[in-house]
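Asks: Dumping the structure here so I can ask a few things about it.
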Amino acid sequence: MGKGCLSMSKYFLFLFNIIFFLFGVTIMGFGLWLLLDKQSFIVVLNNSTSVKVGCYILIGVGAFSMLMGFVGCLGAIYEIRCLLGLYFTCLLLILIAQIAAGALIYFQKEVLNDEMSNIVAKVLEGYPGNNSNTEQTWDYIQRTMECCGWNNRHDWNGNMVIRNSSQLLFPCSCQNASLSEENLSNSGFCESETSNWPVYNAGCSESVESWLITNLGVVLGICLGVAFIELLGMILSICLCRNIQMEDYTEVPKYNH
């Protein structure tokens, strides 16, 4: 490889690792946002250990990507073969881990859905209607997605307030405007005239699944883009590593004392 091509590969790999470093910053920031933000969907799932572990994994992956970007920059600019080899190995392990995680999610999707159902059932059962952060988030989900409960409206039958009330209560955020002319509250509980609540029949799981199917192309595109970037980094690092000239210490003059 000529010096011109070698220099171009070196600086291109350096630029690539700057992008990779920023990518790590984005992932870590997203993980921190999910963990700390009080207005996101994560608030509804704050009692799930697996969800919290997922947030910490995102933070860890982001920090690791930042470290790899830094190592790749050093290896490219100073042409350090051991750092380039370490960088290649880590990218390969990350790619394998991503493929394994994708396969695990695909084959365990029923288990994940059951766990999500259990988490939401506990949230609905203990929903007191006092406008807490968890309730605000769940009310927002039901209003915007036009759904009620996770599987269907009957998930609310286990709520302690509804079961113990002498009135016919239903969650206000489930209200279907086409079934009632009253302009009710957006949160808490509202009183129904009959046992047939004027609410949406569809569960929020259907809305979430529909959203995922609609945006499946975008999700797959992002995953393939990330995999392509990682493969490109691996190719550049191994090519640069193979073409960096090693010092021939056998030709170093020997001095006699």
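From the backbone N, Cα and C atoms, a Cβ is placed for every residue, glycine too.
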Asks: If you follow TrEMBL, the disulfide involving Cys148 connects it to which of the following: Cys174, Cys190?
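Replies: It is Cys174, per the disulfide annotation in TrEMBL.
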Asks: For the transmembrane segment (216-240), I need the partner stretch with the highest count of C-beta pairs below 8 angstroms, choosing only from 12-36, 56-77, 84-107.
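Replies: That would be 84-107.
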Asks: Give me the count of other Cβ atoms within 10 A of the Cβ belonging to Cys148 (disulfide bond).
Replies: 26
Asks: Does anything in the same chain, at least 6 positions from Cys174 (disulfide bond), have a Cβ under 8 Å from its Cβ, and if so what?
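Replies: Counting only residues 6 or more apart in sequence, the Cβ neighbours of Cys174 (disulfide bond) under 8 Å are Gln142, Cys147, Cys148, Gly149, Arg153, Trp156, Trp197, Val199, Tyr200.
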